[in-house]
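First up is the structure itself, then whatever we jot down about it.
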Amino acid sequence: MRSDITKSGPERAPHRALLKAMGITDDEIKRPFIGVANSANEFVPGHIHLDRIAEAVKAGIRIAGGVPFEFQTIGVCDGIAMGHGGMRYSLPSREIIEDSIEIMAQAHQLDGLVLIPTCDKIVPGHLMAAGRLDLPTIVVTGGPMLPGFACDRELDLINVFEEWQKGGESLSILEDLACPGAGSCAGLFTANSMACMAEALGLSLPGCATAHAVDAKKMRIAKLSGMMIVELVKRGLTARKIVSRESFENAVRVDMAIGGSTNTALHLPAIAAEFDIDLELDVFDRLSRETPHLVNLRPGGPHHMLDLDRAGGVQAVMHRLSSKLDLSVLTVTGKTLGAVLAEFKPVNPKANAEVIATLERPVHPEGGIAILKGSLAPEGSVVKQTAVSKKMLVHKGPAVVYDSEEESMKGILSGEVKAGDVVVIRYEGPKGGPGMRETLAPTSAIAGAGLSESVALITDGRFSGGTRGPCIGHVSPEAAVGGPIALVENGDMISIDIPNRRLDLLVDEGVLERRRASWRPPEPRVRGGVLDRYRKSVTSASKGGVLR
């Protein structure tokens, strides 16, 4: 065992003494040491319950003959960080989480890992650590929140973001009832999208992604994961032996079929890089063209994660997609994906048929995400095309330019933005932000003003997984490094053509050259601290925004 280097032989008597100080017995010292990376904290509804899940995981490890060692990682609530400077810290936390798991696993020479994340950047950070460390690893995501219910309809947090401008008694009702308890926000936003990716990659047990936070099924999956990790250690089945390029392509197809968050196009390449796999944005676009959209989940559709869980979850989606997937890839069950799917039977056949469309009769003929390129985004940009109304798939309009999210909010709320406009929010990229903030507040303000089907928004920042409408993010190169988005001026015409994957600035090249000659990079918004270090080493969003 890898951990023997810390505990075997007479020279390790001091190490054993320290282990015994924590109540570890001689018999336990001979067993596999399993790290349990628990991201529980009291800021994040999706993480408030993770101590219970960790206890179930540890019970499973003990049942199977291992010894669990729990440690913590940080976790930011993107909802609470939204709309102010705190959001700059969310994306940088991804690599800090990854680093912290590496430090604990390597310092203590753990034999295996069970990773327990739930929310937006925390799941990717854990998955990146799995690839970097290449230990036997299982991911147990914390599970979705149940949808709220008020005014005779199901609700989630995005309803509150979109309707706060109305104020009054209805806002108080939404505030009280939209988020009824523990779990990640109830639609297919970034957290749940990434949980689905963990399962689609083969790193979570079947059913894990959609098993809800308050469901006993989640506790059973956690316990079984603890038992299974000991088996993976015995078999030497590490993360890189399970996850391959084919696994990532399977995951991208699932992403397209469920209409996942645009943030998957940022996180999956970053995760792949830690597995020594180059997952280009062009792969997302190619697979999107080949993979129909099968599940119409919030924010683009009517269904919540609870509906998908009742319909059979990620396994049901992969079963539908089986003719398009590589079924030879391994999973943490120790079986191939084909063997796992051969055992799948929907518990609720009616819900399965109603929630998950067929390849022959999909919700949309193409997948959820499109990659746009052109003179405004030479390296690419990302849009959730299945959440865009048909009349806005092709649009041309004048630019209304803002150099920060705060400026854009003032402009939108004061009525500067009119139907037909293209709002441009720049200097919010990985370096420029720094931190590539999610611009949910501006998109929600546009939706709340009834303009989501007549106004487009373009940014070098990101969007929340809860964003809907013609919102194009991750524009690369970003403004802070002199990308074309830095040269846009008010009134410039911008052309959006999602079916043909184009995003163009309709300004003569000679004019752009003159603007480029006079452009100067802005002064950094931060000096010192983690954000300063981050902006100096972060790469383009088109490469996953990883650190170099």
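For all residues, glycine too, the Cβ spot is worked out from N, Cα and C.
The following features are taken from Swiss-Prot:
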BINDING   Asp78, Asp120, Lys121, Glu438  Mg(2+) binding site
BINDING   Cys119, Cys185  [2Fe-2S] cluster binding site
MOD_RES   Lys121  N6-carboxylysine
ACT_SITE  Ser464  active site, proton acceptor
The residue listed as 'active site, proton acceptor' versus Asp78 (Mg(2+) binding site) - Cα distance in angstrom: 9
Cβ neighbours within the same chain of Cys119 ([2Fe-2S] cluster binding site) - under 8 Å, at least six residues apart: Val44, Gly46, His47, Gly75, Val76, Cys77, Asp78, Gly142, Ser184, Thr190, Ala191
Under 8 Å by Cβ from Glu438 (Mg(2+) binding site), counting only residues of that chain that are 6 or more apart: Asp78, Met82, Met87, Ser90, Gly461, Arg462, Phe463, Ser464
Rounded Cα separation (Å) that holds between Lys121 (Mg(2+) binding site) and Cys185 ([2Fe-2S] cluster binding site): 14
Residue pair Cys185 ([2Fe-2S] cluster binding site), Asp120 (Mg(2+) binding site) - Cα distance, angstrom, rounded: 10
Assigned element (helix, strand, coil) containing Glu438 (Mg(2+) binding site), judged by DSSP: strand
Local Cβ density at Ser464 (active site, proton acceptor) - other Cβ atoms counted within 10 Å: 29
Proximal but sequence-remote residues of the same chain as Asp120 (Mg(2+) binding site) (Cβ under 8 Å, at least 6 apart): Val76, Asp78, Ser90, Phe189, Thr190, Ala191, Met194, Asn263, Gly465
Number of Cβ atoms other than its own within 10 Å, given for Cys185 ([2Fe-2S] cluster binding site): 29
Cβ-centroid neighbourhood (8 Å) of the Mg(2+) site, Asp78, Asp120, Lys121, Glu438 excluded: Val76, Ala81, Met87, Ser90, Leu91, Cys119, Thr190, Ala191, Asn263, Ser464
CB contacts for Asp78 (Mg(2+) binding site) [other CB atoms within 10 A, all chains]: 29
